[in-house]
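A short worksheet on the structure shown next.
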Amino acid sequence: MSLKPISEIGEFGLIEKISSLCKKTIPEKSSIVEGIGDDCAVVELDTSRLQVSTTDLLVEGVHFDLLTTPLHHLGSKSLSVNVSDICAMNAKPSYALVSIALPPSASVDMVEQLYQGMTHAAGLYGTALVGGDTSASSTGLVISVTVVGETSKERITMRSGAKPGDMICVTGALGGAAAGLNVLMREKQIMMEHLQSGEEYDRNMMNDLKEYSGAIQNQLLPSARTDIIDYFERNSIVPGAMIDLSDGLASDLHHLCRRSQAGARIEEGRIPVLSEARHIADEFQQDALDYAISGGEDYQLLFTISGEQFSAIAEHPDISVIGSITPEEDGIVLSDIYGMNITLKEPGGFDHFRK
Ligand SMILES: [Mg+2]
């Protein structure tokens, strides 16, 4: 057995390896429309309906830090990130399965708080919690959520449907989650310094976080854009291709373009950056555009739409056109505010196994 470390192929190399092994299990003639490779797996239910399913794992110390994350928020987020993948298929969530592994330090109260957040989010999305599993964990808290949803063959939207000439759109404002994370990490640092110095830690010593509340909320309590999916349905809009922004605009645009065998040109000046993220970036002497492009975890939707459908989204106050799809050979470029074209590199996204 070779001892090649996973960091050598990275998270996406690993997914490719797993994907090629799993593909062998899918029979040529089956109801499975899409396996690994999109935001959800897609299975045919009958002649008109499709079932979509997705799963996500949240691991303490990797995805969240209990020092800065209230359990109620964590419960809500663990469901939202999955529902966001359901939305990315232009589908609606139906039900969810939740499994948790609890460290020895966990209490009944903690589990209750976690599930209160989860059930609250489930209520907002109209998603039933129907099962799961519980286990002890020898390290930290682990949460695994699987969400199953439904859409029709007419409405399903994959990553692969983008065509040159299509407009590239994004919902909401970006960069808030990354900015919020920076603020939380700074607060944690202050907290740790106090604890290490033996001083009593007084929460009042924390900076007043009110001015950062929007960005912190984006980080701790993101919401899946089921409202946009409803809007598409009401207005008979079917995007060409769609993905949710979990890894960051640069990375997720690459995923979409790779599956569509297309290129893209986006304009810096059109990327909607959360104004609070700009203030935070100034404070940290960083670039808010970096938060928006490489930050990730905003859980907004990135989609393409043909010119004919543009009038139907033009009215929506929370959808921005940021560029257009180009032929594959043109690559993926960011046109800066001076009109200079910069190649948008792939590793803007988050790779869990990168060293
Ligand atoms: Mg996704």
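In case you wondered, yes, glycine gets a Cβ from its N, Cα and C as well.
Taken straight from TrEMBL:
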- ASP39, ASP85, ASP244: Mg(2+) 3 binding site (BINDING)
- ASP39, THR54, ASP85: Mg(2+) 4 binding site (BINDING)
- THR55, ASP56, ASP133: Mg(2+) 1 binding site (BINDING)
- ASP56, ASP85: Mg(2+) 2 binding site (BINDING)
- HIS63, GLU297, PHE350: substrate binding site (BINDING)
- TYR115, GLY132, ASP133, ARG159, SER246: ATP binding site (BINDING)
- ASP247: Mg(2+) 5 binding site (BINDING)
- 37-150: domain 'PurM-like N-terminal' (DOMAIN)
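Features as recorded by TrEMBL, highlighted on the structure.
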{"residue": "ASP56", "record": "Mg(2+) 1 binding site", "DSSP (3 states)": "strand"}
{"residue": "HIS63", "record": "substrate binding site", "DSSP (3 states)": "coil"}
{"residue": "TYR115", "record": "ATP binding site", "DSSP (3 states)": "helix"}
{"residue": "GLY132", "record": "ATP binding site", "DSSP (3 states)": "strand"}
{"residue": "ARG159", "record": "ATP binding site", "DSSP (3 states)": "helix"}
{"residue": "ASP244", "record": "Mg(2+) 3 binding site", "DSSP (3 states)": "strand"}
{"residue": "GLU297", "record": "substrate binding site", "DSSP (3 states)": "coil"}
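For ASP85 (Mg(2+) 3 binding site) paired with THR54 (Mg(2+) 4 binding site), the C-alpha to C-alpha distance reads 7 Å. Close to ligand 1, meaning a Cβ under 6 Å from one of its atoms, are these of the binding-site residues ASP39, THR55, ASP85, ASP133, ASP244, SER246: ASP39, ASP85, ASP244, SER246. Looking at ASP85, GLU297, the binding-site residues in this record, the fewest other C-beta atoms within 10 angstroms of the C-beta turn up around GLU297.
Residue counts for the domain 'PurM-like N-terminal' (37-150) under DSSP (helix as H, G, I; strand as E, B; rest coil) come to 35 helix, 47 strand, 32 coil. Here the Cα atom of ASP247 (Mg(2+) 5 binding site) is found 15 Å from that of ARG159 (ATP binding site). Long-range Cβ contacts of GLY132 (ATP binding site) within its own chain (separation 6+, distance under 8 Å): LEU97, VAL98, SER99, ILE100, SER144.
For the binding-site residues ASP39, THR54, THR55, ASP56, HIS63, ASP133, a Cα to Cα distance of within 10 angstroms from ARG159 (ATP binding site) holds for ASP39.
Each residue in LEU57, ASN82, LEU97, VAL98, SER99, GLY132, ILE143, SER144, VAL145, THR146 lies on the same chain as THR55, ASP56, ASP133 and has a C-beta within 8 Å of the C-beta centroid of that Mg(2+) 1 site, without being one of the site residues.
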